[in-house]
Amino acid sequence: MARGLSITLSSYVFSRLINFLTTVGLARLLSPADMGLVATALLIVYFVDVARDFGLRDAIVFEPTGTAETLATAFYLVLGLSAIQATATLAVSGVLAGGFDRHQLGELLAVMAFFFPVQAAGAIHESILLRLMRFNEVAVAEILGVTSKALVTFLTVFLGFGPTSFAIGHLTGSVIRSTFILWRPDMPKFVGAPFSRDRARSLLGYGVNIFVTGLVFVLRMRSDQAAIAVWVGEIALAGYFLASRLPEIMISGINGAITRVVFPSFIEAGRYESGLQRIFLSTIHGCMALIAPISIGISVVASDLVPLVFGESYEYAAPALVFLALIGIPQTLGWTIGDLLKATGRPRTLMIVNIVEAAIIVPVLWTVAAIFKDLTAIAIALFVCECLAGIARVVVTHAIGVASITQVVAAVLRPATFALLMGAGVLFVQGLADVSRVASLALATTVGIAMYAALMVLFDAEAVRKVRDFLRKAN
């Protein structure tokens, strides 16, 4: 399992890095208007993709028998669902091109529509590989996919395909990935295999909860971008989308890795209340020690980071990044509490919490976007909502008797305080130094790392040990 975790995390980090570099390259090569088209197309596809495989891939991974009939039925269901998704995307592209005179956006979506059946063709076979713990083959498929996507994207940009280059690269990467998985010599061939209605009902019943949770997650995590696309415009969305990628690739990626490592620990400790409390408090302490300095660090250097990474054309999104980066702190707290609820047999509680949060966050963000039409105002509103959601989840943790509010606050107080002191120190040094953006960013990074490391080593050695242990497990 440790080797599988290492392979999975390594491929995940590599894929995230390549995707991020592809995004940076596109931002540099395309105009803000063209980048806005890419961001809008991605947003539409993201919402259509919420129904991806309807949880059937997870069902296959955890299916105790995995009979040929079950696998074939899941394969047909996933292909059928992908056909519906592709048709819906093509319909949207036609409406945009014909009814709203958005020909470029329609062209982008028309190409990306084929991503759904291509991805679906290898989805069940990938689940089989995961169930057999053949993580290295899945990792190779992932790496081949993102690498070919990047190469084809840049090639087509230089050939003059403009924003459509992203869609062509995205589709090519999916073709390479699915082809590699399907061509494994021992992979089953489902063509002509029987379809079972009974197995279909069972598989779809399993997928309902996953679909609802995924839908709520998408509504919550992308409602800000949807509101910007509707009320502010695509050029504004381009900058906001790019700015959000910085904390997303670092903070969300780390949270995802943490989940894979600590989630089994929560399950194992679930039957012993005192043990569960100890592991939970230890986890949020370590998570905050890792995430808080990254969030605050990105926030305080946002004015230099955005133009240096993406170009001067997107400098208008830097103030929004100040608050988008800070969201990582309450999100990390909420993420860990979500893992706790799942591990203690309370997925329904988590679903209700997610639904309530989305029911509040979505209308708030859309109202702010409609009134202010300002990226920073939307980012501030999202930050406030995420803070309130994090507080609410702490209250839930107190209500189920795992840890009191005081205990949770005590667990996060020191690393959060040290991160704030680090941020203040960086801002002070930046104010004294009249240097270029590159030098300012380098100085801020050096001062921030040194200051936070010194505070943690001197006053919170326990958190340093927890972070070190987590990184050792991940590798």
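Yeah, the Cβs are placed from backbone N, Cα and C, and that goes for glycine too.
Matching 224-246, 316-338 against TrEMBL, the residues noted as transmembrane segment span 316-338.
Proximity of the transmembrane segment (279-301) to the transmembrane segment (350-372) is not established, fewer than 3 Cβ-Cβ distances being under 8 Å for residue pairs spaced 6 or more apart.
Relative to the transmembrane segment (12-30), the listed stretch 150-183 leads the set 108-129, 150-183, 350-372, 378-396, 438-459 in CB pairs under 8 A. Here the transmembrane segment (150-183) sits apart from the transmembrane segment (316-338); fewer than 3 CB pairs are under 8 Å, leaving out pairs fewer than 6 apart in sequence.
For the transmembrane segment (316-338), the list of distant contacts is 236, 239-240, 242-244, 246-247, 251-252, 255, 258-259, 262, 280, 283-284, 287-288, 291-292, 294-300, 302-303, 305-307, 350, 353, 375-376, 378-380, 382-383, 386-387, 389-391, 393-394, 396-397, 408, 412, 416: same-chain residues at least six beyond its ends, Cβ to Cβ under 8 Å.
Counted as Cβ pairs under 8 Å, contacts with the transmembrane segment (378-396) are highest for 350-372 among 36-54, 108-129, 350-372.
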